[in-house]
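See structure below.
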Amino acid sequence: LQGIFVLGLPYALLHSGYSGLLLLVLAAALCCYTGKILIACLYEENEDGQLIRVRDTYEDIANACCKKLSPNLGGIVVNVTQVVELIMTCILYLVVSGNLLSHSFPYVPVTEKTWSVIAFVTLVPCVFIRTLKIVSKLSQLCSLVHFVIILVVITYCLTQIHQWSWAKFRLSLEFEDFLVSVGVIIFSYTSQIFLPTLEGNMKNPGEFRCMLNWTHFFACILKTTFALTSFLTWGEKTKEVITDNLPSFLETLVNLCLLTKALLSYPLPFFAATEIVYSCISKGNRSSYRSPLLALAVRGSFLFLTLLMAMFTPYFALLMGLSGSVTGAAMTFLFPSLFHLKLKWKKLSFLEKCADISVFILGFLCSLAGIVCSIKGLLEVFG
C-alpha cells in the first residue's frame, strides 16, 4: 500500500507547501519510533537484567495490557482492527489493479470490474502460500518494481529541471486539504502491523532497531526526493496520482509496473490476515489448525471475500479512508504508545513518557480529522 501512497506525495506537497517537507521527515521519525516501542513491548527483563522475548504478537501485547479487565479483550480488539485493515488493503489492491488495467488498455471493451476479476485470477495461487519466506521473496520483487517506478518518474522530472521554480510552493494553506496531506504523508510510512512477525523471523533480532533506523532514513530520503522533484516539475498541475502527469508513453509503462507492484503486494496483507485467523482457530484445537483442508478453506474464503467487496462495495475509496483513519491511526500511533506506557511505565524516563503521550495525542487527532473528512465526503456523495 505504501507505493500507492507514495504516488500521492507530490499532490500532498501541493496542498501542504513547505510544511509538507517537514512532515515527510517528522512522519518517518514518528513511525520509526512507534515501531521500536511496539517491539520493546514484546520483551521483559529476567532476574539477571537480560531482555527475554515473552510475547510473540500484537495480540499478546494487547492481552498483557488488558489482563486485569479481561484476559482476551485486548487481543480481540487488536485482531479485529488488524484483520479489517488487512482485508481493506487487499481489496484496495484489487480495485487499483482493475483501474490500472482499464487505463492501460482503454481500447479493450472490458469494464473495470471485469479487469479486477482478471487480476484476481492471477492471485488464486495465494491460497497455497504457507510460509513467510515465500511472501518475503515476493515483497523483494515488489520493492524492485517500486524502485523502477520511482526511478522512471524522477529521471523524467530531472529532464525538466529547466522549468523548476520554488515559487510553486504554497504559503497559505486550506485546513481541510492540509489534513488530507497529513494523512497521505503519515500513512506512506506505516508498517507496524507487520513488525512483530518480521522481528520474530529475523536471524538476528538484535539488529532490528538498526534495520528500522536505516530503512526509515532511506525511505525518507527517497520519498522526499520523489515528491519534491515531481512537484517542482508540474506545480499547480500536479494530479492526485503523479503518474497521470506523465507523457502517454511513460504513463502506460509506469501503470503496468504499478499493476505488477499491486499484485506482488497482495500476498503480504493476505498472509498476515489469514495467520491471525489461524492463531485464533488454533487455540484449544491444534489438530484442526494443522488441517490442510481447513487452511485452504480459510485462505480461499478470504480471497473470495476480497473479490466480492471489490466488486460490490460502492464508494470504496471513501470507506477505505474512513476505516483507514480508525484502524491505521490505531495500529500506528494509538496502540503502540498506549501499550508502551502501560507495560513499561515504571522503567520509562520523564521524556520517554512525554514522547509516548505526545504520539498518542497526535494519533488521536489524525484519526479524528480523517474520520470527519471521510464522513463529510460520504455525506456529500449520498446527497
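Each residue, glycine too, has its Cβ placed from N, Cα and C.
In TrEMBL, annotation is done automatically, which means it is predicted and not curated.
Taken from TrEMBL, the feature domain 'Amino acid transporter transmembrane' applies to 2-375. Annotation comment: TrEMBL describes 20-43, 76-95, 115-132, 144-166, 178-198, 210-233, 253-281, 293-312, 318-339, 359-379 as transmembrane segment.
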Most Cβ pairs under 8 Å with the transmembrane segment (178-198), selected from 144-166, 253-281, 359-379:
359-379
Three or more CB pairs closer than 8 Å, sequence separation of 6 or more: does that hold for the transmembrane segment (293-312) against the transmembrane segment (144-166)?
no
Counting only residues 6+ away from its ends, which parts of the chain sit with a Cβ under 8 Å from the transmembrane segment (115-132)?
94-95, 97-99, 101-102, 197, 201, 259, 262-263, 266-267, 270-271, 295-296, 299-300, 303, 306-307, 310-311
Grab the same-chain neighbours of the transmembrane segment (210-233) for me: Cβ-Cβ under 8 Å, and only residues 6 or more beyond its ends, written as numbers and ranges.
6, 9-10, 12-14, 20-21, 24-25, 28-29, 31-32, 35-36, 150, 153-154, 156-158, 160, 163-166, 168-169, 188-189, 202, 242, 245
Recorded stretch that, among 76-95, 144-166, 253-281, 359-379, has the most CB pairs under 8 Å to the transmembrane segment (20-43):
359-379
Intrachain neighbours beyond the transmembrane segment (76-95), with Cβ under 8 angstroms and 6 or more residues off its ends:
1, 4, 58-59, 61-62, 66, 116, 119-120, 123, 193, 262-263, 265-266, 269-270, 272-273, 276-277, 280, 302, 305-307, 309-310, 313, 316, 319-320, 323-324, 326-328, 330-331, 335
Six or more residues beyond either end and a Cβ under 8 Å away: which residues meet both conditions relative to the transmembrane segment (253-281)?
1, 3-4, 7, 57, 59, 79, 82-83, 86-87, 89-90, 93-94, 96-97, 100-101, 103-104, 119, 122-123, 126, 129, 132, 134-135, 138-139, 141-142, 145-146, 148-149, 152-153, 193-194, 197, 243, 246, 288-289, 294-295, 298-299, 302-303, 306
